[in-house]
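S.K.: Input: one structure, supplied below.
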Amino acid sequence: MSNIKTQDVPRVGFVSLGCPKATSDSEHILTRLRAEGYEISGSYDAADLVVVNTCGFIDAAVEESLDAIGEALAENGRVIVTGCLGAKDDVILAAHPQVLAVTGPHATEEVMQAVHRHLPKPHDPFSDLVPPQGIRLTPQHYAYLKISEGCNHRCTFCIIPSMRGDLVSRPIHDVMREAEALADAGVKELLVISQDTSAYGVDVKYRTGFWGGKPVKTRLYDLANALGELGIWIRMHYVYPYPSVDDLIPLMAEGKILPYLDVPFQHASPRILKAMKRPANAENVLERVRKWREICPDLTIRSTFITGFPGETEEDFEQLLQFLEAAQLDRVGAFAYSPVEGAAANDLPDAVPDEVREERRARLMDFQEDISTQRLEAKIGREMTVLVDDVDEEGALARSPGDAPEIDGLVVIPDGEGLAPGDFVRVRITDCDIHDLYAERVV
């Protein structure tokens, strides 16, 4: 029995879960759907079928994804599953055997083939159905720019390489073409993402490509330099702490890209870093952070850490707190270790009890709160350019160069008259709390 609706134009519903890399995958699939003449439905009822892009990184994400698939099946009945959890099709089919198809992550072609099988595409689609910048799930003034897929590292807590494969860098001319189209469409900020941003080009031995009639190496420094010519904000995420990252700091000091680094250090104890297979040394990191700030005093550093990793002792955790005190990071996120099916860390000895993992996470965040607040307080009295995200009757919400969307703080501007999302505005910082800055407009 078919549940296909009787409307003339086929409609596809879409549910996107997970990280910014998954969001980028969703945007590529949505762009293909629109290019082929499908309409995107905002409701289950109006859709002929539903695509669910899943996350499978931790147990909570698996549960959320399975729940989303179940909801789509209950409300619509015709569901195609893609994304990271799709790499474990046995898990999906055991829970929901009635799904139409399952693909892994970064699988636009496979998703489109499944859509074609179950919902034939309309005749004579027109390319002008799709804007040059493609279909996006983010607000109009910022966008994610994915530069590679997969990862060559084998961190013991992570299963991404088993789901997304080894590093595959996008050709630099493809990345720049997408970036230019986004800038031309009015995007004011590009957030550069991948599993391992600083490894860009390693897999192709930094092959030389061409952009704007000039040779450009497939390398993060060269890409950042080229992106900096677009005249919009460029923000770097998921930067593995390679020595080559040092080359980006002068570009930040010159104002070519934002003075912002999202570097997932994960821990500071040499013993735990070794167990994680993370090739970092806390003393070396501290020296590099010092040099980065010497070159670019306005640099904002965000990082994430895992507490309660197997084998972590109280001494290891204290080393992590000492690192935070010395590093004076601006923004920090912390996660209590959660076993992930298929991760090598599951086989490590000396598991830390759940309550200790969570207690250490809470202690870390309390400890870091004072540091982050002091870093914000140092900005009071300074003038800076901010990017407006939202405006209502109470004023405007914006972000500084040191604030990425959704994960960092905001700049609250009481006087939002005449402002709109995507506007740049000059402000003076007047106050702060533990997360956000407060500012007045500079006339």
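Each Cβ is built from the backbone N, Cα and C atoms, and glycine gets one as well.
Take a look at what Swiss-Prot says about it:
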- C19, C55, C84: [4Fe-4S] cluster 1 binding site (BINDING)
- C151, C155, C158: [4Fe-4S] cluster 2 binding site (BINDING)
- 10-120: domain 'MTTase N-terminal' (DOMAIN)
- 137-375: domain 'Radical SAM core' (DOMAIN)
- 377-443: domain 'TRAM' (DOMAIN)
S.K.: For C84 ([4Fe-4S] cluster 1 binding site) and C158 ([4Fe-4S] cluster 2 binding site), what Cα-Cα distance in Å is obtained after rounding to a whole number?
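M.R.: Spelling it out, the Cα of C84 ([4Fe-4S] cluster 1 binding site) and the Cα of C158 ([4Fe-4S] cluster 2 binding site) are 12 Å apart.
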S.K.: Check the binding-site residues C55, C84, C158 for other C-beta atoms within 10 angstroms of each C-beta and report the one with the most.
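M.R.: That would be C84, with the highest Cβ count within 10 Å.
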S.K.: Given the recorded [4Fe-4S] cluster 2 site (C151, C155, C158), which additional residues of the same chain have their Cβ within 8 Å of the Cβ centre, ordered by sequence?
M.R.: H153, R154, F157, I159, I160, P161, Q195
S.K.: What is the total of other Cβ atoms whose distance to the Cβ of C19 ([4Fe-4S] cluster 1 binding site) is within 10 Å?
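M.R.: For C19 ([4Fe-4S] cluster 1 binding site), the count of other Cβ atoms within 10 Å is 18.
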S.K.: Beyond C19, C55, C84, what residues of that chain have CB atoms within 8 A of the centre of the [4Fe-4S] cluster 1 site's CB atoms?
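M.R.: Near the [4Fe-4S] cluster 1 site, beyond C19, C55, C84, sit L17, G18, K21, A22, T54, G56, F57, A61, G83, L85, P105.
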S.K.: By CA distance, which of the binding-site residues (C151, C155, C158) lies nearest to C55 ([4Fe-4S] cluster 1 binding site)?
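M.R.: When the Cα distances are compared, C158 comes out closest.
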S.K.: Cβ-Cβ under 8 Å from C151 ([4Fe-4S] cluster 2 binding site), same chain, 6 or more residues apart: which ones?
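M.R.: Within the chain, C151 ([4Fe-4S] cluster 2 binding site) has Cβ neighbours under 8 Å at C158, I160, P161, R164, D166, L167, Q195, D196, A199.
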S.K.: Cα-Cα, whole number of Å: C19 ([4Fe-4S] cluster 1 binding site) versus C155 ([4Fe-4S] cluster 2 binding site)?
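M.R.: Per the Cα atoms, C19 ([4Fe-4S] cluster 1 binding site) and C155 ([4Fe-4S] cluster 2 binding site) stand 18 Å apart.
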S.K.: Same chain only, sequence gap of 6 or more: which residues have a CB within under 8 Å of the CB of C155 ([4Fe-4S] cluster 2 binding site)?
M.R.: Q266, M276, K277, R278
S.K.: Which of the three DSSP states, helix, strand or coil, fits C84 ([4Fe-4S] cluster 1 binding site)?
M.R.: helix
S.K.: Tally the residues of the domain 'TRAM' (377-443) by DSSP class, grouping H, G and I as helix, E and B as strand, and everything else as coil.
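M.R.: Residue counts for the domain 'TRAM' (377-443) by secondary structure: 1 helix, 32 strand, 34 coil.
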S.K.: With helix taken as DSSP H, G or I, strand as E or B and everything else coil, how many residues of the domain 'MTTase N-terminal' (10-120) land in each class?
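M.R.: Breakdown, helix to coil: 55 helix, 22 strand, 34 coil.
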